[in-house]
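Okay, structure first, notes after.
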Amino acid sequence: MTMAPKQLSTVLLAVCATFLALAAPLLAGDPDMLQDFCVADYKSLNGPLRLNGFPCKRPENVTADDFFSAALALPGNTGNPVGSAVTAANVEKLPGLNTMGVSMSRVDYAPWGVNPPHTHPRATEIIYVLEGSLDVGFVTTAGKLFARTVCKGELFVFPRGLLHYQKNNGDAPAAAISAFNSQLPGTQSLALALFAASPPVPTDVLARALQIDGGLVEAIKSKFPPM
């Protein structure tokens, strides 16, 4: 029996909707939780058991404080060479985030301060500017830069895993809040990964990759203490 075009369209729409519903958990930053909550039991890390995440506290030991944090209330110390400070509120600091698939950070910037190029391998980031104005951008795997200025009250999205940065473009302090679709998005700084890894990335590899002299590589490495 041949379906009418209208019936065929309805069936195809239903199939697509079903596929997207089934695929959604696979696209999330973290696995879906299977209970109301799973407050991280940090003490379990002293034992032999290791999980992708944290084991759960027993429900009778959970309190409201497990879901509370004032970590983002105060500005971070931007008195460092790059002029920025990132304060994280992830599952390592807030146990109630375990299995929830979300986290946040506060980023403070000194005048003209930079949050240097970095990636979040496990999450997409959306940034909201609290104060000031930022020049932001990310680079795709094809090498294309997407960049613009983001002002107070505005948002910008950095796709998961792509190299990105932010710079305060003014002579006054700035601040922003970042949200992630992972309880522990991870952060890999480009400069630290290349020049402060332990053990170090071989100098000749970096010299060839960056097309610079090995002596210059060593000079750059001297500015970054090993991680």
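Quick reminder: no glycine exception, Cβ is built from N, Cα and C everywhere.
Residues or ranges marked as oxalate binding site in TrEMBL: ASN115, HIS120, GLU125. Per TrEMBL, Mn(2+) binding site is recorded for HIS118, HIS120, GLU125, HIS164. The feature disulfide bond is assigned by TrEMBL to CYS38-CYS56. The domain 'Cupin type-1' annotation in TrEMBL covers 72-218. What TrEMBL records for 1-23 is signal peptide.
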Chain-internal residues, separated by at least six, CB under 8 A from HIS118 (Mn(2+) binding site): LEU163, HIS164, TYR165, THR187, GLN188, SER189, LEU190
The domain 'Cupin type-1' (72-218), counted residue by residue under DSSP: helix, strand, coil: 22 helix, 59 strand, 66 coil
Cβ neighbours of GLU125 (oxalate binding site) where a neighbour is any other Cβ within 10 Å: 23
